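*Asks:* Pulled the feature table from TrEMBL, pasting it below:
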DOMAIN    67-355  domain 'WDR5-like beta-propeller'
REPEAT    67-108  repeat 'WD'
REPEAT    109-150  repeat 'WD'
REPEAT    151-192  repeat 'WD'
REPEAT    193-234  repeat 'WD'
REPEAT    236-277  repeat 'WD'
REPEAT    280-321  repeat 'WD'
Amino acid sequence: MGGVRSMRTFTRSSFEICLEDHIYPLKGCALYMLDMVAVRATQDEDANATKEDDATPLPTYALWKELPGHLESISCVKFSPDGTLMASASPDKTLRVWSVGGGQLVATMAGHSLGINDLSWSNDSRFICTASDDKTIKMWDWASKTAIKTFRGHKNYVFCCSYSPDNNLIASGSFDETVRLWDSRGGKAVAIFPAHADPISAISFNRAGNLIASSSYDGLIRVWDIAMRQCVKTIVDDENPPVSFVRFSSNGKYLLSASLNSALKIWELNDNRPKKFYKGHKHEAFCISANFSAKGKWVITGSEDGHVLVWDLQSTTILQRFKAHDGVVLAIDCHPTEPLIVTSSPSSGTIKLWKSGP
């Protein structure tokens, strides 16, 4: 693996938009109405919290900074929640922290015996957890440049990880097909979910911290209730393409998913059909991340042809498409408050920062 985030290549027929995607309960997975367990925390929010604003300017992302430093390709880049820092991880076994404003490298950490696939910031921006091919998750204090905990238990590559909103839990997904929950303070596993029938590609907490979404190459997205320790929803597309990415929206009501048939969709948790479908990019072999822009007006992802695409959230129209790297745009993240995005590619060890607006 070595952090390249490419599991395998699938040959699939071209994808047709299907308005009748269904929810299928699987053995051992209870199916519940999520408006009773998830939407309750956000029921006062408007269903279109990211409603299109005619006054919002169009995106004009242009290269702002280039940050060389990694010795190999970069598997993951993410802004800190407070927006002042950015972390990157690589098959070169290092975790690096950068200043967003100045672009300086402020910390380099090493400790994994194999490449790093994913990272996640704690909500207070003090700690970072990393998922590695060495089957472990590490928790880092970036200020002291030390690994303060190592979480062991997975039987195969750990491909993804995520901090809970309250920082008390770390979730991880692995090639061993399990999702595991860890006590971030004690370092012990508190729950093991036999989640999927194939490697797990991504994992995400909702805003309330009571649900986890997982995606897998078995073609499923599953939503787990942490308190009940069980699956409360399973989403599967009619064509059942491998699902390479999933994340909750900021209000916790929606899921953004990517599949290896160049399909990027938004699902509402209490509905059986995708609400939005975004197309125009190439996504057939790699686990490419996606995100919502800082103000929630745009959906942004990378493409295997080296481009970044920006869609209008509501109309699904492509607003900007620009060449970012010579190879696959593998990792992409949006700044929490500013019109900035960061990208990386397996083709180089250089991170690129892009800025929209004057």
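Using the three backbone atoms N, Cα and C, a Cβ is placed for every residue, glycine included.
Unlike curated records, TrEMBL annotations are generated automatically.
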*Asks:* Please give the average pLDDT for the repeat 'WD' (280-321) in this predicted model.
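*Replies:* Across the residues of the repeat 'WD' (280-321) the model's pLDDT averages 96 on the 0 to 100 scale.
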*Asks:* Summarise the repeat 'WD' (236-277) as counts of helix, strand and coil residues per DSSP.
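*Replies:* Residue counts in helix, strand and coil order: 0 helix, 23 strand, 19 coil.
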*Asks:* How do the residues of the repeat 'WD' (151-192) split into helix, strand and coil according to DSSP?
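*Replies:* Helix (H, G, I), strand (E, B), coil: 0 helix, 23 strand, 19 coil.
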